Amino acid sequence: MALNHTALPQDERLPHYLRDGDPFASKLSWEADLVAGFYLTIIGILSTFGNGYVLYMSSRRKKKLRPAEIMTINLAVCDLGISVVGKPFTIISCFCHRWVFGWIGCRWYGWAGFFFGCGSLITMTAVSLDRYLKICYLSYGVWLKRKHAYICLAAIWAYASFWTTMPLVGLGDYVPEPFGTSCTLDWWLAQASVGGQVFILNILFFCLLLPTAVIVFSYVKIIAKVKSSSKEVAHFDSRIHSSHVLEMKLTKVAMLICAGFLIAWIPYAVVSVWSAFGRPDSIPIQLSVVPTLLAKSAAMYNPIIYQVIDYKFACCQTGGLKATKKKSLEGFRLHTVTTVRKSSAVLEIHEEWE
């Protein structure tokens, strides 16, 4: 079961929530809490409507969804869960200048945030790996069916459930953040024992480092594949140059996905690692809240990156332009199939991303 926190004598080796008096009292000024509250309110509203719209539009064409789209929609589910289940707790607490939901609410909020956050990251990992295999190994797209996507979703939720439930069964806990109006995984457990260090290291590796490595590897390989493929077929027909715009867009999308994730979560991860293995008291309270607020913004712009840009919801702008572009690419595909077999395979890469 989760640890039962009670007041203990003052000791520098104790975590902040055991030695700083009321752990749920805000350590920020009223003004800072109000700013944080309004910021999270705006982020929460935009995220809820953005991800809700994505799910609504997807439900209208649910029978036509491709396997990769099904996995990507799961990202919107995770982000919507963070916005609906998590953000109201912090927003109310910011406006009240203290955490008002007690230890039970703290553990629920910490679990929900970690659960949907982990699910979101693992979904990103699955999508990036799927795209890497489909772009770099064309035969992969032939056998991937909708049922495989649903199996992948089940594995994602099982993975997230396993790691986020472990702190509730005695291997850790969810505790207040140093600034008092939010809760998180007990990173400070690593300061107390070797067992705590092992647990935190496992969390960091399986829920952050490994997924991040897969995402970066996948998109670097995709970028390299698209660039090399363009060079191989560019001299066969001048019409291949029309795909250069698409190539640049794909490169930018991959960079946005990686950059968006890194910008949102790496600062929070750095602070968490320092809290676990460094000198947590050396981090100013006012500074510790910034990575938390930044990480919470990921639920807002993820639907923009994954749904609007990558899956081209904006393609509804002009049907004529889309039809012309499709016709041009299909014509070139037929031409290359009859002349150079290799070039047709490469063109599949570009069409797969359209």
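Just so you know, glycine gets a Cβ as well, placed from its N, Cα and C.
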Quick test of reading the record: Swiss-Prot lists a disulfide for Cys106. Which of Cys152, Cys183, Cys207 is on the other end?
Cys183
In Swiss-Prot, Lys145 and Ile222 sharing a membrane side:
yes
Between 34-54, 75-95, 109-129, 253-273, who has the most Cβ pairs under 8 Å to the transmembrane segment (151-171)?
109-129
Helix, strand and coil residues within the topological domain 'Extracellular' (96-108) as assigned by DSSP:
8 helix, 1 strand, 4 coil
Per Cβ pairs under 8 Å, the stretch of 34-54, 198-218, 253-273 packing most closely against the transmembrane segment (109-129):
198-218
Given Lys296 (N6-(retinylidene)lysine) and Cys106 (disulfide bond), what distance in Å do their CA atoms have, once rounded to a whole number?
17
Given a 10 Å Cβ-Cβ cut-off, pick out the one of the disulfide-bonded residues Cys106, Cys183 that has the most other Cβ atoms nearby.
Cys183
For Cys183 (disulfide bond), just give me the three-state DSSP call.
strand
Quickly jot the same-chain residues contacting the transmembrane segment (253-273) by Cβ under 8 Å, restricted to those at least six beyond its ends, or write none.
121, 124, 128, 184-185, 187, 204, 208, 212, 215-216, 219, 222-223, 283, 288, 290-292, 294-295, 297-298, 301-302, 305-306, 309-310
